[in-house]
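A short worksheet on the structure shown next.
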Amino acid sequence: MTSKTLTHLQRLEAESIHILREVAAEAENPVMLYSVGKDSAVMLHLAKKAFYPSPPPFPLMHVDTTWKFQDMYKLRDKAARDAGMELIVYQNPEAREKGINPFDHGSLHTDMWKTEGLKQALDKHGFDAAFGGARRDEEKSRAKERVFSFRTASHRWDPKNQRPELWRLYNARKAKGESMRVFPISNWTELDIWQYIHLEGIEIVPLYMAEERPTVERDGMLLMVDDDRFPLKEGETPVMRSIRFRTLGCYPLTGAVESTAKTLPEVIQETLLTTTSERQGRAIDHDQAASMEKKKQEGYF
Amino acid sequence: MTTQDKDPIYKTDALIAEDIDAYLETHQHKTMLRFITCGSVDDGKSTLIGRLLYDSKMIFEDQLATLEADSKKSGTQGEGIDFALLVDGLAAEREQGITIDVAYRFFATEKRKFIVADTPGHEQYTRNMVTGASTADLAVILIDARKGVLTQTKRHSYLVNLLGIKNVVLAVNKMDLVDYSQEVFDQIVADYTEFAASIGIEAFVPIPISGYMGDNITAPSENTPWYKGTALLPHLETVEIESTKEPKSAPFRMPVQWVNRPNLDFRGFSGLIASGVIQPGDPVRVLPSGKTSKVAKIVTYEGDRAMAVAGEAVTLTLEDEIDCSRGQVIVAAQSPLEVADQFESTIIWMDEQEMVPGRAYWLKIGTQMVSATVQQPKYEVNVNTQEQLATKTLDLNAIGVANITTDREIPFAPYVENHDLGGFILVDKISNQTVAAGMINFALRRAQNIHWQATDIDRDAHAAMKNQKPAVVWLTGLSGSGKSTIGNIVERKLARMNRHTFLLDGDNVRHGLNKDLGFTEADRIENIRRVGEVAKLMTDAGLIVITAFISPFRSEREMVRQMMQPGEFVEVFVDTPLEVAEARDVKGLYAKARSGQLKNFTGIDSPYEAPDAPEIRVDTTEMTPEEAADAIIARLIP
């Protein structure tokens, strides 16, 4: 064998590894934000590859809302252990104190636990670079996000003031107090992610695969009753349905789809044949048009 | 829906439903094509991309529902679907109805995955187009069939060629609006052929299309029976690009990104292979040090490899323990890269603040960052006419050719040979913004012929003879702030202590060494550079140098600081408020500046950038010159 053509997944993988290494080499105190979802799983897997045989030279951090699915917590702890990385779990103490939850507080839940929580966690540990698993194909405003995205000292994103990114050259210089979010899987699509998980045998939360689970239907969304904090309304009784999730977040905010796809290839099959986009399952995107962009300017990932 | 919905081939794939495993198997072997679309504002770029997404089933029902609603609200296509709304991103842009940044879009067919850079057609956004083009394998240049080859078309074609994109598609759009006329199409192709040849585009593929109606997008259109070529998407699926070709016999090159040291027994060099092929046992050379060794192993997470090729990210271990760090380049031993510190390069300026010749910027090339200065451009290129114009600087979106000097030798390849080893960015040292992109054309020979002459009596010996530690006391502040007065007292006091000093005064230097310089920004920078070099020679001679210069720009003071040994540069900010300095007006200069007789006067019509963290700050409204001098001496001689 003297020659070889790289496939699209191999090119994407090499690009992501290059980005991960650039940050490890240039940032003073990087961290990988880990949400336990499939994108995070791929990002973590790429980090293991990028630095092998060393463990990734930065910690994993989960900005927790206390409202994730139980299965997510289980995999989170295991994944960090397997990668040989330190796991930092951060919960916004103010949100905890006030008992902020998705049932009573609407969008305040995301603001306080996630947006504020993330800012607090980054400040507390003095991280100057945070990897995130966002992809450009997820949403319109993300399509224009840079791979290295700069935030002011107050964590704001200014879409008008982002640095041009040419070739494979990323400018990681910044003033004291400023930080950057880095998105190593910017150029991956949902299908790329699934194919890569399949090809590489990456462990993901079982909730992505269909199973009989207790559910209730609310506002057109199918919600899973993951624990006894779920306040059932009068006349509501959880119904067992065969469901799976296309994205994972806080369980009261994450809509399931009815499905019988129990294996990864079956999930990919459904994904390819499906007619609705991935983010439709997330309540926060329905707030208003261009809502993601608003949230991003405020500091939500 | 008024849009056509014709070719089902790209919309469903029977294999998905029938045999998902077989489908996955084929799709894992897809290749990838990155391309840019460029055209003028109304040429229909966004519509074309929206159409490609739609035809390749990348638009989901919920997005389509939003799209239909949006089309009714703010679309420009009446009752039809406005595909442009699908790809125009940020909210503000959507309201203005224009795309103002680079947006990346994704779609896939059964043969390839595509990444599209949607780049803007507005004149002031050259920087975005260059950004999008830098990673593209192919460019689709759109022309409105009703308008033909415009100035914008020429500009985009010039940039595409400048960035080294070899595959060009000329998409003559809106054919539906010229009745699918072959005559119109042929005329445009003829016009473009002539122009393309004149700027060095060797070949291009012209296709008549309608993004809005879907003609010749996925399949040959019945409306253009006279067109015998392939439709756009089949062309994009099959065109041969660099990364799908057999790797040429290009020599091996890998910039080292990260040194991998998990423990004392393992030392690997991680990087992305920029060209060529590597196998264990291959002899390699590390540049710029020139040390040689052989590849021991190609280490990856999946296990050691027998071979790795351009485009792969790997970790190499070498047979010998040789020095190698981030920024160095591992190359095939028998065909090393050139190493130099002076280059002619083409520069695209991307910042609101114009280029300052002589100022030091960070230059990032491959994985290394060095300090570099850009000389006054040889010329600027008018991107519309490709004429060469004389210029003193480059401002936002200007493209020019200039010599660059780096503070150390770097391994490189001309950009035309290798984009990874010949493309660079310039970063402002104060704002940290990426201010320019550049491409190395060639190294200047003179750099290789001047060597540093080592002398036996070195700077330490000079200093030891004088029994003192050399230093540069750099007094900076407004005209009339008291720099010379304080400098003079410092020197007097040091002389009394038997210290050997020299005072360089701003006015005095301009009578001789810097007689040829005026007060423009570029001249002021050169003034400070020369003074810095003189001060450096004097510290090499063991002297304590005191300088009194307004030196208004942070970058240049920083540049002088970098010239000196660590700790040798003592920046003294003589802080006098403008009103106070102006009230003193010892030399009558403020009065002249106020009356307009004196131009570029610091504090009046030229800025003074106060130091952020000077070693010493002297507040002359609270301290006498004597007290200030004592504070400075206390720092020099503790």
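Using the three backbone atoms N, Cα and C, a Cβ is placed for every residue, glycine included.
Nobody curates TrEMBL annotations by hand; they come from automatic prediction.
So that you can see what the record holds, here are the features copied from TrEMBL:
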ACT_SITE  B:SER551  active site, phosphoserine intermediate
BINDING   B:39-46, B:118-122, B:173-176  GTP binding site
BINDING   B:GLY477, B:LEU478, B:SER479, B:GLY480, B:SER481, B:GLY482, B:LYS483, B:SER484  ATP binding site
DOMAIN    B:30-248  domain 'Tr-type G'
Do me a favour and check the Cα-Cα span between B:LEU478 (ATP binding site) and B:MET175 (GTP binding site); whole Å is fine. 64
Quick one: which residues besides B:GLY477, B:LEU478, B:SER479, B:GLY480, B:SER481, B:GLY482, B:LYS483, B:SER484 have a Cβ within 8 Å of the ATP site's Cβ centroid, in sequence order? B:ALA548, B:ILE550, B:VAL574, B:THR576, B:ALA581
What mean pLDDT score does the domain 'Tr-type G' (B:30-248) have in the model? 80
One should report the C-alpha separation between B:SER484 (ATP binding site) and B:LYS45 (GTP binding site), rounded to whole angstrom, as 62
Least crowded of the recorded positions B:THR119, B:SER479, B:SER484, B:SER551, counting other Cβ atoms within 10 Å of each Cβ, is B:SER484
Between the C-alpha atoms of B:ASP42 (GTP binding site) and B:SER481 (ATP binding site), the distance in angstrom, to the nearest integer, is 57
List, in sequence order, those binding-site residues among B:GLY39, B:GLY477, B:SER481 whose Cα sits within 10 Å of the Cα of B:SER551 (active site, phosphoserine intermediate). B:GLY477
Per 10 Å Cβ neighbour count, which of the binding-site residues B:MET175, B:LEU478 ranks highest? B:MET175
Can you tell me the CA-to-CA distance separating B:SER481 (ATP binding site) and B:MET175 (GTP binding site), as a whole number of Å? 70
So among the binding-site residues B:GLY477, B:GLY480, B:GLY482, who's got the most Cβ atoms within 10 Å? B:GLY477
Among the binding-site residues listed here (B:GLY39, B:LYS45, B:THR119, B:MET175), which has the Cα closest to the Cα of B:GLY482 (ATP binding site)? B:THR119
Ordered by sequence, the long-range same-chain Cβ contacts of B:LYS483 (ATP binding site) under 8 Å (at least 6 apart) are B:LEU475, B:THR476, B:GLY477, B:GLY506, B:ALA548, B:PHE549, B:ILE550, B:VAL574
If you measure B:GLY39 (GTP binding site) to B:SER479 (ATP binding site) at Cα, how many Å is it? 52
